[in-house]
Structures are given as C-alpha cells and as structure tokens.
Amino acid sequence: MTDGLVNTACVCAVLAGGFAFAVFEQTHGLENWTFETQRRQLAGDGRLWAPPIALGEKPDVGWVPWSTDADSGRVYIVDFIYTRCPGLCEGLGAQFRLMQRELQHQHEAVPVSLLSISFDLAGDTPEQLAAYSQRHGADASVWRVIRPADQKEADRLLRALGIVAIADGTGGFVHNSALHVLNQYGQVRGIYDYGNWQAALDGAERLAGEPKSEGARE
Amino acid sequence: MKRAGLLAVCFTILPSVLLLDVVRHVIESRMLLHMLLEFPVLFLSGAAAGALMLAHWDRAARVVEKMDYRGLTAITLVLCVSAYWMIPASLDNSLLRPGVAFVKYTSWWFGGWMLAVSWQRMSEVLRMFMLGNLCWMFGSVGLLYQASESRLCVNYLFGDQQMTGRALVTVAVFLAALLAYRAYWYTRSSEATA
C-alpha cells in the first residue's frame, strides 16, 4: 500500500508539473489567455512574420510588397477586409482615409504605405475592390486595396499572421480585425486595435525612420 | 450484460466519426458543440474503453492500480485535462495546430479511460471532491465567458461564446445537484454504519 501511495504521489507530481508547464507555455507565462493576445505578444517580440506573397490581378500578378531580401525600407500598415462588410471594414476604410490624409500632408515623404487586403477572393472581384477604393478616396500611391493572387497565397498569409475569418451566419464574416505594421521584410512590428489608427501611424513612421537592416530575419 | 458490452464498444469507437472532415468541421465550428459535445464524447469513449478493459483484461487494471492509489492519479488527470481545455487559447490552438488537436483528443480520451479504470477503487469522498472541483471550474469559466465583452476565441462568434457560457453554468448547476445528492446519501450511509 505504501509503495502504491509513493508511486501515486510521484505520478501526480509529474502530472501536476506537466499541467503547470503546459499552461505556462500555452499562456506565454500566464499572461496571454487568448489567441489574439498571444498573436499580439508575438508581434511585440518581433516573432510574427508575413511570408512574401504575390498580390494583384492576373495578368499583372506578382507584386510582392515585402520579402526577406527587400531593400526598399518601406513600412506597411495592413488591414484585412471584405468589401461586402457593412460595419467594421467600412470603419477601417474611414480610418485608412484619415491615415492617407496625414501621409499626404507630410512635409517630407515618409516610406509608409497603406494596404487593405481582401481575404474574400470569391466575393471581392477587381471591380468591387475598385469601388471600395473609390468610395473611400484611396490614392493608389499611398493606399492600395488589393487581394492576393490566389486562394493559396491568401491562406498562407492569413495562417502565418493568425487572421481567422469565420462565417457570421448572414453571408458575411467575422474576423480579428486590427492594424498590422510590417517592415520591408514582412516582420510584424506592431498590432494595433481597430480605432487606434494614430498609434499605428506613429509606430509605422518611427519604424520607417529606423536603419534599413533593422529587423531583418537572421 | 451483453447489451452493456455492446454499448461500451459503440461508445469506444464513437470518436472515430471525428476522422470525417465534415463531422469534425460541423462540431468544431460551434463553440457549444466543441466544448459540450466533443469533449464529453471523447471522455465517455475513453471511459467505455476503460470499462471494457476492466471486464476483459483486469491484469492491466492491477498494473494501473499500482500508480493510482484510491484513484488519486485519475482525479488529478481529469482535473488537469478539464482545466487546460477551458483556456480560450487552447481551444483556438486546437483548431489551428494539428499537434494541439491531437493532444486534445488523446487527453480527453485518456482522462475518461483513467477515471473508469479507477472508479471502483475511489472513495466516495474523493469522488465528491472531484465533482466539487469540476463544478466550480465549469461555473466560473461559464460566468467568465458570459461576462467577457469581446470574443475570447478567434474561431467563434460572440453569441456562441455567450451560449456556451450559459451551458457551462447549467452543467455546473447539474454537477452541484449531483454532488448534494451523493453527499446526502453518503452521510446517511455513514450514519447507518455508525
């Protein structure tokens, strides 16, 4: 009986230790209990990367905004949209318009670009993307409303960044919307709440002022 | 008896339906079904397998007994597994990372198996301790899911989260009633023995 009790105590200690370790790992040190906060923590630590993907329409597919060997020094503020979205994506559009205005009125040109990437390839035709651009007054030299070249590229980007779009039951989507600040290498350097566009823009401008090699993936 | 065995076999193989993408997608696309259908099915499947093992291969049960004094290991495992899968990030990661999904299926199944194997050896006080712990765990998580003003899981809608919260509180109330019932009979039988 004593042996059984000792064995049990040892197994229980291993189980409890394993559980504590798993919870500690899962929550990044008991700090991030949701996937979204984990994603933001990864971005804050510089460990969230967007793979180089081709954006644009056939036959002009092939614009790759960021890549590991880029030397443009350009910083991107990226959001993910679908143009049929009646609320949030329109709100994001309004915020991008404000950011565009600020960027257009800078005394010196800042290498910051705005990108609204559609994840709804089936629903968002080039015409609908153009209509969204027009509705929000997007100036293509500052703000591009675009979609990945194909579904495979879209899935790759969304998976890498932890963007999940789920059907809302009324024909639309619910997704973790936020403003992502990416450097030329595709490294996410900050994720800002929807509504916090000024902080996102400030972060992007600060990042654009850093030396070009900053943040390059080893 | 034969019928009970057949039922146990059916429960044991029931989770294999999750190998079908369509079924798994339907269940895991709703938080309510994910937590209150898939988890219990996996747990019951493990428990059924444990019961079958006890009936046909009790030597293995005796080996387990050496590491599970009065069911303490089983209770520790069940409480750890339940607590881990109440974390919203665990739910999301189980849907986005195949390795985490595998851990989810096996941990719930193994928790059920372990509990079934040790149930007879477990004292009533320990059983009530486990029920009490599960009760407050489900209750508090259910209240938290309802109190949150935003989505806790990126894979689930806010309304689904609210509904799951209410269902978890309902389960907690049911467990509390079960606990009270068992405590009542335990007290009566103790008095009768005394």
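Backbone N, Cα and C define each Cβ position, glycine as well.
Marked as transmembrane segment by TrEMBL: B:35-57 (among others). Residues 5, 7-15, 18, 27-28, 85, 91, 104-105, 108-117, 120, 164, 167-168, 171 of the same chain lie 6+ residues outside the transmembrane segment (B:35-57) yet bring a C-beta within less than 8 angstroms of a C-beta in it.
Long-range Cβ contacts of the transmembrane segment (B:69-87) within its own chain (Cβ-Cβ under 8 Å, at least 6 residues beyond either end) map to 35, 39, 94, 104, 107-108, 110-111, 114-115, 117-119, 121-123, 126-127, 129-130, 133-134, 137-138, 141. Feature annotation from TrEMBL assigns transmembrane segment to B:69-87 (among others).
Residues 15, 18, 39, 42-51, 53-54, 61, 64, 68, 71, 73-75, 77-78, 81-82, 84-85, 90, 93 of the same chain lie 6+ residues outside the transmembrane segment (B:99-117) yet bring a C-beta within less than 8 angstroms of a C-beta in it. Taken from TrEMBL, the feature transmembrane segment applies to B:99-117 (among others).
Taken from TrEMBL, the feature transmembrane segment covers B:129-147 (among others).
Summarising the annotation, TrEMBL assigns transmembrane segment to B:167-185 (among others).
Within its own chain, the transmembrane segment (B:129-147) has Cβ neighbours under 8 Å at 75, 78-79, 82-83, 86, 161-162, 164-173, 175-176, 178-179, 182, counting only residues six or more beyond its boundaries.
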